[in-house]
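As recorded in Swiss-Prot:
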BINDING   L117, G121, H122, L123, E239, S349, P350, F351  (6S)-5,6,7,8-tetrahydrofolate binding site
SITE      H225  site 'Plays an important role in substrate specificity'
MOD_RES   K226  N6-(pyridoxal phosphate)lysine
Amino acid sequence: MNHLKRQDEKVFAAIEAELGRQRSKIELIASENFVSEAVMEAQGSVLTNKYAEGYPGKRYYGGCEHVDVVEDIARDRAKEIFGAEHVNVQPHSGAQANMAVYFTILEQGDTVLGMNLSHGGHLTHGSPVNFSGVQYNFVEYGVDAESHRINYDDVLAKAKEHKPKLIVAGASAYPRVIDFKRFREIADEVGAYFMVDMAHIAGLVAAGLHPNPVPHAHFVTTTTHKTLRGPRGGMILCEEQFAKQIDKSIFPGIQGGPLMHVIAAKAVAFGETLQDEFKTYAQHIINNANRLAEGLQKEGLTLVSGGTDNHLILIDVRNLEITGKVAEHVLDEVGITVNKNTIPFETASPFVTSGVRIGTAAVTSRGFGLEEMDEIAALIAYTLKNHENEVALEEASKRVEALTSKFSMYTDL
């Protein structure tokens with residue numbers, strides 16, 4: 001980054017500081033990951049200069065012959081990975097991918113069935129502070145009070161009662177496998193469309209380690225980062241019958257020119273996903289999550305639903321007599337990055353919360369294995385149990401430093 005250093009020392013310094021943070025801390029935010037150098041090179045390429053409104057072969061600008069190739073590569077690879085009939089790789093985010101699906105099939109005020117945010121859903125699945133909850137009549141379903149797993153009988157009952165035009169499955173904080181086949185059966189029974197937001201589990205689906213929603217859903221949306229380990233962005237997969245409508249909803253519906261440098265990075269990431277090594281990586285994500293969950297439970301911590309089937313773990317910190325906000329802060333102090341998170345049947349404010357969400361995608365990318373999961377579990381428990389003990393926190397910080405120093409990353413930067 002010599003050019004940047006000469007041109008803008010302040011921005012360069014901030015980026016260098018962030019690189020230092022990523023190297024020195026244990027990254028456990030479930031929605032974050034570390035992309036390859038190849039993905040970063042594509043995203044930082046000359047494609048950032050090119051406007052390309054429209055789609056390959058039908059652009060509103062000249063000079064698009066090379067970016068057309070890139071977008072076709074991204075679309076074709078995504079189709080191959082997930083077995084989709086049609087793919088749109090232009091959404092700038094998962095939220096915009098969801099918006100495009102809603103705009104394709106819904107009218108303002110239509111009824112939609114979506115997962116309660118505090119039970120693990122997402123803002124764009126009907127939260128009243130989000131456009132989805134403002135534009136549409138979302139009815140919430142959630143998890144069972146005892147098992148903390150989706151109550152499919154409740155989903156069916158609410159679908160029969162409210163007759164939604166669309167049912168949305170998928171979550172941002174649900175650590176268990178979702179039965180997409182059951183959801184589609186419910187949707188068919190009430191004559192609803194079925195959409196899956198697989199943003200968190202897309203990489204696991206790609207590796208064949210989580211049921212694929214594509215054969216069951218009319219529409220599937222995802223981000224391209226998280227477990228998929230690509231650049232920050234979105235994508236829509238759908239049946240061919242909806243292809244033209246979806247494409248029109250993205251452009252000119254809610255977006256203008258696509259970010260061709262990001263689409264190039266998506267293409268590179270999808271190419272990585274198609275390699276055998278990616279399946280091994282995804283299996284390590286799950287193995288690490290299970291080991292970490294077991295370690296946390298051995299330390300006496302309470303996990304929502306009692307464990308995990310994917311990359312994600314949700315810790316209920318109430319028995320430690322602290323809040324999610326305090327837990328996030330004290331863990332960050334010792335070098336462990338997490339996020340506070342609501343838990344099912346939450347009573348605290350979203351700014352305070354009773355839980356902490358963690359995930360293993362980023363640490364697995366860094367090379368952490370089962371032994372490191374044991375140490376991380378011990379560190380999390382030790383830190384939270386001693387959150388007011390400065391001596392203990394200093395010891396935890398040194399243990400984090402000792403652990404991260406064994407795993408180099410981005411050595412060429």
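All residue numbers here begin at 1 and follow the chain in the order shown.
Even glycines carry a Cβ here, placed using N, Cα and C.
On a predicted model such as this, the values are computed, not experimentally measured, just so you know.
Annotation note: E239 ((6S)-5,6,7,8-tetrahydrofolate binding site) sits in a coil segment as assigned by DSSP. Of all the binding-site residues listed (L117, L123), L123 has the fewest other CB atoms within 10 A of its CB. The distance from the Cα of P350 ((6S)-5,6,7,8-tetrahydrofolate binding site) to the Cα of H225 (site 'Plays an important role in substrate specificity') comes to 24 Å. The most densely surrounded of the binding-site residues G121, P350, judged by C-beta neighbours within 10 angstroms, is G121.
Other Cβ atoms within 10 Å of the Cβ of S349 ((6S)-5,6,7,8-tetrahydrofolate binding site) number 12 in total over all chains. All protein chains included, F351 ((6S)-5,6,7,8-tetrahydrofolate binding site) registers 9 other Cβ atoms within 10 Å of its own Cβ. Cα to Cα, S349 ((6S)-5,6,7,8-tetrahydrofolate binding site) and H225 (site 'Plays an important role in substrate specificity') are separated by 28 Å.
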